[in-house]
Each structure stands twice: as structure tokens, then as C-alpha cells.
Amino acid sequence: MSASVASVISRFLEEYLSSTPQRLKLLDAYLLYILLTGALQFGYCLLVGTFPFNSFLSGFISCVGSFILAGNGSLRNRSNNVFTLVRCFSSLVTLFYSRSPPREVPRGACIALFCERGN
């Protein structure tokens, strides 16, 4: 059983590394970073407690929102649909008006720039 699981994982990694474009690998690395950050915050909440509850909520919800936005950008790039620059720009404008903290704007700008199709 473990040999088959190991072979599936090794085949997945080989195909992922050989066939996935660099742009999507970067988005996947960012998604992994956000996931680990959210898990770390949630683990800290379980172990230590939620004394400054508003701080925990803002950090955790920021991770969830960033994960959703980055996942959306990743799905846009993986699909066979053609997305125009106008649609990406409108997505960026919507993102700027929907996110109030200034530190969220560079993340959103990076995600919106990735949705332009091409090499």
C-alpha cells in the first residue's frame, strides 16, 4: 500500500515539475505559504488562546481572503478560457476598491497581473 502511495506522489511531482508553467508554480507556492500561515495562526489560537480576538480574526480572515483570491487567479490561468486584459484590469479595480488595508494592495496587484494570458 505504501509503495503505491509513494509511486503516485513521485509521479505527481514529476508531472507537476515538468508540465506546469513557472507562473503557476509561483502562484502555487504563494497558496502554500498562505495555507501554512493560516494553519499556524489557527494552531496558535488553539494552543495559546484568543486574548486579542480581533487580531486573530483579522489575521485569519486575511489569510482566507488572500487564499481565495490567489486560488481564483490560479484557476483562471489553468483553465482554457481566454481572459482579456480588460477583464483582468476590471478585476484589479474591483480588488482595489474591495480591500481597504494598504498592505493588501500589492498582493492583489500581483494576482491581477498573473491573470493576463501569455508567456
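Even glycines carry a Cβ here, placed using N, Cα and C.
With respect to the membrane, Ala3 and Arg76 are recorded by Swiss-Prot on the same side. Counting same-chain residues at least six beyond the ends of the transmembrane segment (31-51), those with a Cβ under 8 angstroms from any Cβ of the stretch are 59-60, 63-64, 66-67, 70-71, 74. Looking just at the topological domain 'Cytoplasmic' (2-30), the mean pLDDT is 88.
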